[in-house]
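Trainee: Right, I'll just put the structure down here and ask away after.
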Amino acid sequence: GVACRCDSDGPTSRGNTLTGTLWLTGGCPSGWHNCRGSGPFIGYCCKK
């Protein structure tokens, strides 16, 4: 999957560890949660 920035990763994507996985459709898989809040973002940033 493609890494994405969770809210807990920090304010920018430069120099931070991206701990989320990008899911484009259907929300996060079972057992995962959306770790990204509101904002201009396509899909869901999911984390185990």
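Cβ coordinates are placed from backbone N, Cα and C, and glycine is handled just like the others.
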Trainee: If you have Swiss-Prot open, could you say which of Cys35, Cys46 makes the disulfide with Cys6?
Mentor: Cys35
Trainee: Cys4, Cys46: which one closes the disulfide with Cys28 in Swiss-Prot?
Mentor: Cys46
Trainee: Return the count of C-beta atoms lying within 10 angstroms of the C-beta of Cys4 (disulfide bond), excluding that atom itself.
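Mentor: Taking every protein chain into account, the count is 22.
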